[in-house]
């Protein structure tokens, strides 16, 4: 036990990052009324469009939240994830954690075009994505939180950081904790933010090793788990390359409702993604196991922490973009 505690402690001491981000907790140049005089309708416009988009397909809520997450973990929340590849810029869209999982770029384009028609050159793509993620959460039953705004869009992207900074579905707990910690996010933040998987879907390529690996061990193969596992294997064949892009809900109980069901799934040992299940069954999950149990028992506690953690993640800013950033006219390209 002492060895486990030592390893867990070392995660929090060795992996201290050296980056130029303004991490959560510092004085930040973001305010709730940043657009009060320059684009007072921006929140209403984004809300209205998100209502239509989520009504068209509830999965769009998870898509926008995921885009926001992947943006903030690379260079801070600066809209870099939205940049297309050009002759002079290598974008993040083709990085391994993004290429087969991120969508929603056309949704951002749609909202941005409307905002530009009302308030040209005022609202950043980074702010659009941050507000949209909040509204997406609410529209599928999740909590409300105030969104501070005033972010700038970066003129750069980082394929390398997208490859190294973002957690992957098959990653172990210690590595994931380190990645959140490097962004200034705590273990409590991590467990809460991963709760957004309650409305997400995953591709076969991202859960194949789990359902043909230790799923039987963690779920103890009770009759319900056996049935669930059999259905997953029908969706996702064992052979790599076969059915890789087939998808299923990460939360198979209430897949279109933002609730705490995902944590009950982990308690049963039925987590679809290894990275999720690790929070409850890993030998190093002393703290995460307790938090998962708390959120499974108390949905109010989960909602409260999720709101706080989303604000905290949204406050990860890129110092370079703050000083030399811009408001892109088209979220896919740097202004010329």
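A Cβ is built for glycine as well, from the same backbone N, Cα and C atoms used for every other residue.
The shown structure was predicted, so the numbers you read here are calculated from the model rather than taken from an experiment.
Summarising the annotation, Swiss-Prot assigns signal peptide to 1-20 and lists sequence analysis as the type of evidence.
Taken from Swiss-Prot, the feature disulfide bond covers 39-119 (among others). Using a 10 Å Cβ-Cβ cutoff, residue 39 (disulfide bond) registers 19 neighbours.
Its Cβ taken as reference, residue 66 (site 'Transition state stabilizer') is surrounded by 22 other Cβ atoms within 10 Å in the chains shown. The site 'Transition state stabilizer' annotation in Swiss-Prot covers 66, and the record cites sequence analysis as its basis.
The active site, proton acceptor annotation in Swiss-Prot covers 70 and rests on sequence analysis. With a cut-off of 8 Å between CB atoms and residues at least 6 apart in sequence, the same chain places 81, 92, 97, 98, 102, 162, 166 near residue 70 (active site, proton acceptor), listed in sequence order.
Just so you know, the Cβ of residue 78 (Ca(2+) 1 binding site) picks up 30 other Cβ atoms within 10 Å once every protein chain is counted. The feature Ca(2+) 1 binding site is assigned by Swiss-Prot to 71, 74, 76, 78, 80, with sequence analysis given as support.
What Swiss-Prot lists as disulfide bond is 72-77 (among others). In the three-state DSSP scheme, residue 77 (disulfide bond) falls into the coil class.
The Cβ of residue 331 (disulfide bond) lies under 8 Å from the Cβ of 79, 82, 83, 105, 108, 109, 112, 125, 128, 153, each on the same chain and at least six residues away in sequence. Residues annotated as disulfide bond in Swiss-Prot: 125-331 (among others).
All protein chains included, residue 167 (substrate binding site) registers 19 other Cβ atoms within 10 Å of its own Cβ. Annotated substrate binding site per Swiss-Prot: 167, in sequence order.
Classification of residue 197 (heme b binding site) by DSSP places it within a helix. Counting Cβ atoms from all protein chains shown, residue 197 (heme b binding site) has 24 others lying within 10 Å of its own Cβ. Residues annotated as heme b binding site in Swiss-Prot, with sequence analysis given as evidence: 197.
Marked as Ca(2+) 2 binding site by Swiss-Prot: 198, 251, 254, 259. Under the three-state DSSP scheme, residue 259 (Ca(2+) 2 binding site) falls in the coil class. Cβ-based neighbour count (10 Å, all protein chains) for residue 259 (Ca(2+) 2 binding site) stands at 19.
Applying an 8 A CB threshold to same-chain residues 6+ apart, the list for residue 204 (disulfide bond) reads 235, 236, 237, 243, 244, 245, 246, 247, 248. Swiss-Prot lists 204-236 (among others) with the feature disulfide bond, giving sequence analysis as the kind of evidence.
Look at Swiss-Prot and you will find 246 tagged as N-linked glycosylation site.
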When each of the disulfide-bonded residues 77, 125, 236 is scored by other CB atoms within 10 A, the minimum falls on 236
Roughly how many angstrom lie between the C-alpha atoms of residue 80 (Ca(2+) 1 binding site) and residue 66 (site 'Transition state stabilizer')?
14
Sorry to bug you, but what's the C-alpha spacing from residue 78 (Ca(2+) 1 binding site) to residue 66 (site 'Transition state stabilizer'), rounded to the closest Å?
15
Measuring Cα to Cα, how many Å separate residue 76 (Ca(2+) 1 binding site) from residue 167 (substrate binding site)?
15
If I take the alpha carbons of residue 198 (Ca(2+) 2 binding site) and residue 167 (substrate binding site), what is the distance between them in whole Å?
17
Neighbouring recorded positions, C-alpha within 10 angstroms of residue 77 (disulfide bond) - of 39, 71, 167, 251, 259:
71
Same chain, 6+ residues apart, C-beta under 8 Å of the C-beta of residue 71 (Ca(2+) 1 binding site), given in sequence order:
77, 78, 79, 80, 81, 82, 126, 129
